[in-house]
């Protein structure tokens, strides 16, 4: 058959009827010409890519550095005040969080400040979102910290009895690849904290390379596999792991950090085994900090519409706790664990340790994917809210460079963070100039204030980290509403959350992706497949099981399969069709053959062994219908198994004198049917653009057949 996008609606009369034909309504659709010359496409793309004009170079530079587009148009009077306010407020909030989340990433506090400082500046240059805040994010810090702890232990630093703080001079950073042999007897050029940031910076570099590569190859579509329910479940599950990792600081316990599969359970077992060693001073301090932090944060959220800026309770708590620890000599008197010396200024840049790349390359993949997925989703969400557009691929470049460049300056992995972005938006942010203000606040801390946090207890930092998990843990309150909206999404959320918490964060993410994809497959494997009825005085057909007062046409069954027809659900298609129509053509044919053989044997017995030819026509019970119309409007595509299944169904029903008509096939399905040689010369399987048209055709054909039979 030739290219077949015209509706063939011709009923061929039975032979011997003077070749009369009854023409139903004919609709002709001429297909578009599709030139699929691979050579032409390659040449066209090569010319487009390799051509170089001043205008094209300018467009490329401006698109790669978005700051060059918006900064010259910056409205000083209109934007500056809001950007300064939001930048300073976010900076004040970010300082304590940067110090606290450094613990989570297995790093010294100074490195968290470095990370927040550089991330804001680099996103200012490369980012396209006006509102998101890029910096330290709890889940990413957790994933970094797990890898850092593993590599530090593998290198032998777990033999240290007490890890020193950040080294006092830069000479200690000359060689970072020396593995410890006997740390109890010799001084190393690179101590535990130095090696930890080396691991973190190396993994950050690799994660950034992955993100830039994804932007270059335009594979942002990977993020579509991370649904909202999956990401929410993952963040909530990781929040349990974060809470667990910080619990030992609340109690002042000195126990090793568990890693790998089941680390959450192992950590709690260690905590309860050592609960008798709880430091009462740290416990009381943690309790008092919670009493201040939680209610104040609740007030910030409840009255955020009335407050011009949120109360910087975290900074207040850190200042008060530091003063209390310093003047109360809590470290010397009660043995409280403190942040230790935080140097001022910047350490000299240093490249990642190339020898560590094979060890961390695989771990950087989920970190890179989570980082860019959260960044892109937040940037698109706020862009839509404020009426501007962002470029997903440029966002991947931006977050990639926010990891690659800082990795040379003793930083670890960053991404956008929802909580700080909401604060930034609500306090008047208009552009990323606010990110520069935030970096200036952190710079002030780095140059002047940082050493003052020497006496800050680690339990205070743990309290700040845990208090910021409230948003993720509150998702449990939304479960009833989520269950009412979509049970499948709720199950995906629960499975991802449980796997991320109880197994590990990386495996939990993988489990969530695989489970969500399986849910899609299962939903197409067992889809809805109702019979349809006619809505009176219209040309509409709807599900008989969903609506009342629908009519059926005599002798015609209308069936809709609400999923693509492919190898996974082809058997479901056949079994559901047979069940809905009440007729399995294979069984009917088998019954006919069996009855014919029985009649033949009885005839032979009656004729005394003289074999007589008999008619092979077997009159069985009437089927109740003569035509099946398959509504294909919900079948998005067919594969070879689907085409073969349709051929088999049509052939089997034709052999029991039931014709099968297809209606409302989209162009992709039509094209697949043509390529699969579904329509053959002489066959009477017709294609219709509407169910109503197919039903009218079947009724007309049946009337004509009855008239011919009466003659």
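Cβ from N, Cα, C; glycine included.
Curation plays no part in TrEMBL annotations; they are all automatic predictions.
If you look up TrEMBL, you'll see 79-104 (among others) marked as transmembrane segment.
Residues or ranges marked as transmembrane segment by TrEMBL: 110-126 (among others). When Cβ-Cβ distances below 8 Å are used as the criterion, the transmembrane segment (110-126) is approached by residues 64-67, 94-95, 98-102, 132-136, 166, 197, 200, 342-343, 346, 394, 397-399, 401-402, 405-406, 409-412, 414, 432-433, 435-436, 438-439, 442-443, 445-446, 450 of the same chain, each at least six residues removed from its ends.
Under 8 Å from some Cβ of the transmembrane segment (194-217) lie the Cβ atoms of residues 105-108, 111, 144, 147-148, 151-152, 155, 157, 166-167, 172-173, 176-177, 350, 352-354, 356-357, 360-361, 363-365, 367-369, 371-372, 393-397, 399-408, 410-413, all in the same chain and six or more residues away from its ends. Taken from TrEMBL, the feature transmembrane segment applies to 194-217 (among others).
Summarising the annotation, TrEMBL assigns transmembrane segment to 229-251 (among others). Through the fold, the transmembrane segment (229-251) approaches residues 103-104, 138-139, 142-143, 145, 257, 263-264, 267-268, 270-271, 275, 278-279, 282-283, 286, 337, 370, 373-374, 377, 458-459, 461-463, 465-466, 469, 472-473, 475-476, 482, 486, 489-490, 492-501, 505, 508-509, 512-513, 516 of its own chain, all at least 6 residues removed from its boundaries and within a Cβ separation under 8 Å.
Cβ atoms under 8 Å from those of the transmembrane segment (311-328) belong to residues 89, 92-93, 95-97, 99, 285, 289, 292-293, 296-297, 299-300, 336, 338, 452-457, 460, 463-464, 467 of the same chain, restricted to positions at least 6 beyond its ends. Taken from TrEMBL, the feature transmembrane segment applies to 311-328 (among others).
The transmembrane segment annotation in TrEMBL covers 356-376 (among others).
Outside the transmembrane segment (397-419), and at least 6 residues removed from its termini, the chain residues within Cβ reach (under 8 Å) are 64, 105, 107, 111, 114-116, 118-119, 122-123, 125-128, 132-138, 140-141, 143-144, 197, 200-205, 207-216, 346-347, 349-352, 367, 370-372, 374-375, 378-379, 468, 471. Annotated transmembrane segment per TrEMBL: 397-419 (among others), in sequence order.
When Cβ-Cβ distances below 8 Å are used as the criterion, the transmembrane segment (439-469) is approached by residues 87-88, 91-92, 94-101, 103-104, 109-110, 113-114, 116-118, 120-121, 124, 138, 239, 242-243, 246-247, 249-250, 252, 282-283, 285-286, 289-290, 293-294, 297, 314, 317-318, 321-322, 325-326, 330-331, 336-346, 419 of the same chain, each at least six residues removed from its ends. Marked as transmembrane segment by TrEMBL: 439-469 (among others).
Taken from TrEMBL, the feature transmembrane segment applies to 490-518 (among others). Sequence-distant contacts of the transmembrane segment (490-518) (same chain, at least 6 residues past either end, Cβ-Cβ under 8 Å): 139, 142-143, 146, 225-227, 229-230, 232-234, 236-238, 240-241, 260-265, 363, 366, 369-370, 475, 479, 482-483.
For 546-698, the entry in TrEMBL reads domain 'STAS'.
Beyond its flanks by at least six residues, the transmembrane segment (79-104) meets 110-113, 115-116, 133, 135-136, 138, 141-142, 145, 242, 245-246, 249, 309-310, 312, 314-315, 317-318, 339, 420, 423-425, 427-431, 433-442, 445, 453, 456, 458, 461-462, 464-465, 468 of its own chain at Cβ-Cβ distances under 8 Å.
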